[in-house]
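Per Swiss-Prot, S-adenosyl-L-methionine binding site is recorded for Thr24, Gly48, Cys49, Gly50, Thr51, Gly52, Asp72, Ala101.
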Amino acid sequence: MEWKYVIPGIPDNFFERDEEIPMTKEEIRALALSKLRIRKGDMILDIGCGTGSVTVEASLLVGSTGKVYGVDKEEKAINLTRRNAEKFGVLNNIVLIKGEAPEILFTINEKFDRIFIGGGSEKIKEIISASWEIIKKGGRVVIDAILLETVNNAISAMENIGFINLEITEVIIAKGMKTKVGTAMMTRNPIFIISGEKQ
């Protein structure tokens, strides 16, 4: 499938899905990718790649001169990300690794320009610490979180490690749903997008 636009936000229904595998929804994904500030040729790491929606869109943004690494502890997620990458024709500049963060991150022999941390890992502090070791100077880290505890732990860890220009954005999305008498707005769970830079 070809995504012919130069902006992120591929509709969710364009991706192959699995009910057991989480997906970063299109509006949140578009905001998270904008916070990453991806450039052509960047090296990107997607920790907790899930369905591969962020991996695929990041790959489209970095182009053929960049590379995106997708990491997930679930084999089903790795396989689903692979299928979605094939569907969008970007598998050639994606590397998929099965393993659990933060441990698996130290086996990757690369430094990254941008790191996206999706989902709600209990090891968020350790993952942020590992990210500091493998991100280039001037690199950006963006985290999506649902739980307030994850937000608190992430901000605390980022401040203590030395990330600068920290931002937190709370996003509440409501989508229209047709009913018998009109359109009702259905609110999704609030998502927090946390970002920071390594100086």
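Note that Cβ sites are derived from N, Cα and C of the backbone, with glycine treated the same way.
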Among Thr24, Thr51, the most crowded of the binding-site residues [Cβ within 10 Å]: Thr24
DSSP state at Gly48 (S-adenosyl-L-methionine binding site), helix/strand/coil: coil
Binding-site residues (Cys49, Ala101), the one with most neighbouring Cβ atoms at 10 Å: Cys49
For the binding-site residues Gly48, Gly50, Gly52, the one whose C-beta sees the most other C-beta atoms within 10 angstroms: Gly52
Largest CA-to-CA spread of S-adenosyl-L-methionine binders Thr24, Gly48, Cys49, Gly50, Thr51, Gly52, Asp72, Ala101, angstrom: 18
For Asp72 (S-adenosyl-L-methionine binding site), the number of other Cβ atoms found within 10 Å of its own Cβ: 30
